[in-house]
Amino acid sequence: MARVFFGLEVSDEVARQLVVVRQPWEGARWQSRQQLHLTLAFLGEVQADAVSLACQLARQVKAPPFRLNVQGLGRFGSVERPRILWAGVAPEEPVHQLYEQLAGYLQEAGFTLDNHPFKPHITLSRFRGKGVSLAGLLAAGQDCVFGALDVTEFVLFESTPGAEGSVYKVLERFPLVH
């Protein structure tokens, strides 16, 4: 069994800008540089044959390369009791098109995906326990631009629990072509 998901990698330049947001909040678990990514489709724990099938399906995706601006901050959960702090991307449309194509192939083949509406984002921190107010940070970060990503591929990651959080390993790369 392997815990896997499809996603987009974050460049070193953008990652350096994103880590500037870190603040010493109780209950905050900040993502390391190596953990920063944009999740397209989380498959969870699957058998080796399912990983192979997912790769076959991903190879069918036909989408052109695109550029994303990483900008603004947002959260999942309430402002006073956030679960996740994230950086947004714009424009969202090319990521949505990539997601819809990939998710369509996966769901048609029987994979179960998250039933929340797809919101492209890069998770910066997860929060546990006491409520932390992000109101000030969210207001200050509303117009922040962290850089641009030239998206020329998407990847299948394997996620393995580690002492400092999950460790991600690229299992396969899927190029985007015109």
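Cβ coordinates come from backbone N, Cα and C, glycine included.
Residues or ranges marked as domain 'Phosphoesterase HXTX' in TrEMBL: 9-86 (among others).
Annotation source TrEMBL lists active site, proton donor at His37. Cβ-based neighbour count (10 Å, all protein chains) for His37 (active site, proton donor) stands at 19.
Away from its own ends, the motif 'HXTX 1' (37-40) comes close to residues 5-10, 89, 95, 98-99, 102-103, 120-123, 154, 157, 168 of its chain (Cβ-Cβ under 8 Å, at least six residues beyond either end). As annotated by TrEMBL, motif 'HXTX 1' applies to 37-40.
When pLDDT is averaged over the domain 'Phosphoesterase HXTX' (92-168), the result is 92. What TrEMBL records for 92-168 (among others) is domain 'Phosphoesterase HXTX'.
According to DSSP, His121 (active site, proton acceptor) sits within a strand segment. Under the heading active site, proton acceptor, TrEMBL lists His121.
The motif 'HXTX 2' annotation in TrEMBL covers 121-124.
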I need the CA-to-CA distance for His37 (active site, proton donor) versus His121 (active site, proton acceptor), whole Å please.
8
Same-chain residues at least 6 apart in sequence whose Cβ lies under 8 Å from His121 (active site, proton acceptor):
Leu38, Gly74, Trp86, Ala87, Gly88, Val89
